[in-house]
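Some notes on the structure that comes next.
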Ligand SMILES: CC(C)(COP(=O)(O)OP(=O)(O)OC[C@H]1O[C@@H](n2cnc3c(N)ncnc32)[C@H](O)[C@@H]1OP(=O)(O)O)[C@@H](O)C(=O)NCCC(=O)NCCS
C-alpha cells in the first residue's frame, strides 16, 4: 500500500470507469486529487508483487474520515485487496486525527456491503434516491482504530 503518484493516474481512471460505470469520477478530478490539489482527499494504491491491483480515496476533515472510493481490479477480487486498502485508509485517517470513518454504499452493492460488514461498519442512515439512477445510499460508520 502506498500513496498514489502521477504514474498511477491512468490505472485509476481505467478502474474507476470499470468499477463505477454509472458515476465515475472524471480524469480531471482524479488528476487533481493525486497531484495534491484537493486539500482533504488522498488516493492510496495497492500492489502485489509489482502488480497494480486497486485503489482507495479517503477524505479527512477534522475527526471524520470519509472513504470516498474503493475498487479492486477484477482479476484480483476476493484476494483480500479491499480489506487491506481499508486497513491502509484507517491508518491514514488515524494519523490525521480522525476518529470516525464513514462511507456511502449503494443498497444493491452486495459485494461492497459484505466487505464493509466484515470490516466492522454499521448502518447509521439511509439516503433515499441518492444516486443518479434513483438507488438509495446507505451510510455506514466505524471507529478509526489504527489497524496495526
Ligand atoms: C467491493 C470490492 C471493492 C471488493 O474488493 P475485493 O478486493 O474483492 O474484496 P476482498 O477480497 O478484500 O474481500 C473481503 C471480504 O468482502 C466480502 N466480499 C468481497 N466481495 C464479495 C462478493 N462479490 N460477494 C460477497 N462478499 C464479498 C467477503 O466477505 C470477503 O471476504 P472473503 O473473500 O474471505 O469471503 C470490489 O468488488 C470492487 O472493486 N467492486 C466495484 C467497486 C465498488 O463497488 N466499490 C465499493 C463502492 S461503495
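Cβ coordinates are placed from backbone N, Cα and C, and glycine is handled just like the others.
Heads up, TrEMBL stuff is auto-annotated, nobody curated it.
Sequence annotations record features per position, and here TrEMBL assigns domain 'N-acetyltransferase' to 1-145. Taken as a whole, the domain 'N-acetyltransferase' (1-145) shows an average pLDDT of 96 in this prediction.
Secondary structure of the domain 'N-acetyltransferase' (1-145) per DSSP, as helix, strand and coil residue counts: 49 helix, 50 strand, 46 coil.
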